[in-house]
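According to TrEMBL, the protein carries these features:
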DOMAIN    5-33  domain 'C2H2-type'
DOMAIN    34-61  domain 'C2H2-type'
DOMAIN    62-89  domain 'C2H2-type'
DOMAIN    90-117  domain 'C2H2-type'
DOMAIN    118-145  domain 'C2H2-type'
DOMAIN    146-173  domain 'C2H2-type'
DOMAIN    174-201  domain 'C2H2-type'
DOMAIN    230-257  domain 'C2H2-type'
DOMAIN    258-285  domain 'C2H2-type'
DOMAIN    286-313  domain 'C2H2-type'
DOMAIN    356-383  domain 'C2H2-type'
DOMAIN    384-411  domain 'C2H2-type'
Amino acid sequence: MEKRYKCSLCDKAFSWKDHLINHIRRIHTGEKPYQCSRCDKAFTISTHLIKNLRTHTGEKSYQCIHCDKVFIDKSHLKIHTRVHTGEKPYKCSQCDKTFAQSNNLINHQRTHTGDKPYQCSQCGKSFTNKSHLKDHTRIHTGEKPYQCSQCDKAFSQNSILKKHLRTHNGEKLYACSLCDKSFTDKGYLEIHTRIHTGEKPYHCSQCDSSFSQKNTLTKHMQTHTGERPYQCSQCDKVFSCKAHLKRHFNIHAVEKSYQCSNCDKCFSDRSSLLYHTRIHTGEKPYQCSQCEKTFLRHSNLIIHLKTHTGEKLYQFSHWDESLIQNPYLCSQCDLSFSNKNTLKGHLKIHTGEKPYQCSQCAKNFSRNSHLTRHLRTHNIEKPFQCSQCDIFFLKKTLLEIHQRCHNNAVTEGKSDRSLSDNYCLSENKIEVKEELIDSEACEPENWSTPKVEVNEEQVS
């Protein structure tokens, strides 16, 4: 068809007069003559106004023949139908990727050209498409315009709200073709599929490690850089992971409103109470799909599943009984641990990190428990009392050494008087080297009794 209607402001031509008018308004003049009577939005063409009015009336005239979803616009239905048919008519000329929507193809092509035309006025960050810039801007404004109708949660992006709504209605559109699992989000399906394929597309530039998820690589990179971007607003502590900051923040929370109905323990969040309750009920809701084993926590199931897939935990690929019991392996030495927190504590031996500082003096400690013990030297608190006599001790290890005096005295037939006069040594007569007590070569439960130097003089 001949394009007889030419734009006087540029070299574009159109087959229809109304297309030319719409072009001039949209590109050149910015005129929006169609004003919505229900809100302050205005539009360049009448059909866009009609679509907008349907958002106010709730009218959805176009229903999907494959499911019960309805849409306010025919083009929206057409795009949705491709979820069922799998049709992706828009193909990239640079690579083999195809897309269900033309605007997704345009945005994708910018990954090849490097073009990022949309820049944030607050921080200067650039984006490949306008919607990403709009979503990003809400980080600065704190705006969360998308409210869940089922609960009081609000979101900065409509896509996040849609994902969230699926937690209420249980809808899982994305099914795995290799097993019977289905997911609420396409991204979750892609990550899950890598369990079957073994694909690890995210490579560390500092070492040979590879990862199946981008956020796992980001966390791993912090082991090289030492970066800890998450700081507590209540104290000076910093963390490499947002989840660790959230867990730490509970220390500052005075209110513990979640109480166990089976005992008197209270918790600052519902999830902690839920985990605790399973100790009473014996419930183990996470079952392995490969065998009959069940687990209290999802994280324990994930660790167990790696015994079936053979996926490496940290740097090691071999599996033996001790590794199953202690799956967290130190990358610096051959020690293994039963949980991640113990491994993190152990790693401080290699890094020399001592984040816990005494407020009374300049001494630093790698563990909070060591700081607590040290603080007693300032306030002279001696919480460990001998059950045989009235002597108090600063440390439990010193009490245990002292109690051997009683045991040996009974064996040798000494009287209580001779014990107190000649054999029972006060804490002042025991000189324990602090570096042995504060040693971190192993966990506290595995400590052997430290060697001590005993003053043999009688207590006068």
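Placement of Cβ uses the backbone N, Cα and C atoms for every residue, glycine included.
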Quickly jot the same-chain residues contacting the domain 'C2H2-type' (90-117) by Cβ under 8 Å, restricted to those at least six beyond its ends, or write none. 79, 82-83, 126-129
Local confidence of the prediction over the domain 'C2H2-type' (258-285), expressed as mean pLDDT: 81
How do the residues of the domain 'C2H2-type' (90-117) split into helix, strand and coil according to DSSP? 12 helix, 4 strand, 12 coil
